[in-house]
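Asker: Below, the features straight out of TrEMBL:
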- 33, 34, 35, 36, 37, 38, 152, 197: ATP binding site (BINDING)
- 59, 81, 82, 83, 114, 115, 116, 117, 121, 158, 169: ribonucleoside 5'-phosphate binding site (BINDING)
- 53-83: region 'NMPbind' (REGION)
- 151-161: region 'LID' (REGION)
Ligand code: C5P
Ligand code: MG
């Protein structure tokens, strides 16, 4: 039977997989080398968050033997471009499901690091996976981030910690990812943190601002 007009026109309505009443999601954003991963590790230690880095999940998928997306991810990462969002959103949702299913008592507190980096990722994730509470945004000038990335590149083995890729990643950040920060800012959902200081100092500000917003027990 042919679909009726109504069926064709009806927008696909998705209910998020996780309820924001049960699961806490904080997005962690900032340019490459702003210190997102470092600060997430501190928050995991002190507040029992689960840390999911979109970049780490993409690199793991890239290296997975049977992945159909391996080559695609590899070329996007090297060029500092944003991988098509379906791939990244699915990897995050799978990782979240695994954590929640494994540990039924898990309070479901997630730091989603390096995501969303593009508006389509933001909208898709909040619509189909879980609305986030807010964004932790690490603000750092490019000169400082470049210095950190080149230093990290000596040992990271990452295909994108080199001068040429770094330049492309900065361009993507300014053109594609900052609009996401601005979008959440307009909804008063951004906690901005100065990320130029030492890791300890940056963490102090992170804790203070988080506790201001969420209370001491979260
Ligand atoms: O966050 P990280 O620097 O590890 O990300 C590395 C690369 O992974 C990005 O430059 C981009 O190519 C890809 N990525 C993406 N979408 C995200 C996060 C990372 O395409 N949300
Ligand atoms: Mg990182």
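A Cβ is built for glycine as well, from the same backbone N, Cα and C atoms used for every other residue.
Unlike curated records, TrEMBL annotations are generated automatically.
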Asker: Sorted by position, what residues of the same chain at least six away from residue 152 (ATP binding site) have a C-beta under 8 A from it?
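Answerer: Spatial neighbours, sequence-distant, of residue 152 (ATP binding site): 33, 158, 161.
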Asker: When you rank 82, 114, 116 by Cα distance to residue 35 (ATP binding site), which of the binding-site residues ends up on top as the closest?
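Answerer: Going through 82, 114, 116 one by one, the closest to residue 35 (ATP binding site) is 114.
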Asker: Where the criterion is a Cβ under 6 Å from an atom of ligand 1, which of the binding-site residues 33, 34, 37, 59, 152 meet it?
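Answerer: Passing the 6 Å Cβ check against ligand 1: none.
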Asker: With the Cβ atom as the reference point and anything under 6 Å counting, tell me which of the binding-site residues (33, 35, 36, 38) are near ligand 2.
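Answerer: From 33, 35, 36, 38, counting a Cβ under 6 Å from ligand 2 as near, the near ones are 36.
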Asker: Using a 10 Å cut-off, grab the number of neighbouring Cβ atoms around the Cβ of residue 38 (ATP binding site), all chains included.
Answerer: 14
Asker: Where residue 38 (ATP binding site) and residue 82 (ribonucleoside 5'-phosphate binding site) are concerned, what is their Cα separation in Å, rounded?
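Answerer: Spelling it out, the Cα of residue 38 (ATP binding site) and the Cα of residue 82 (ribonucleoside 5'-phosphate binding site) are 22 Å apart.
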Asker: Among the binding-site residues 33, 37, which residue has its Cβ surrounded by the fewest other Cβ atoms within 10 Å?
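Answerer: The binding-site residues 33, 37 were compared, and 37 has the fewest Cβ atoms within 10 Å.
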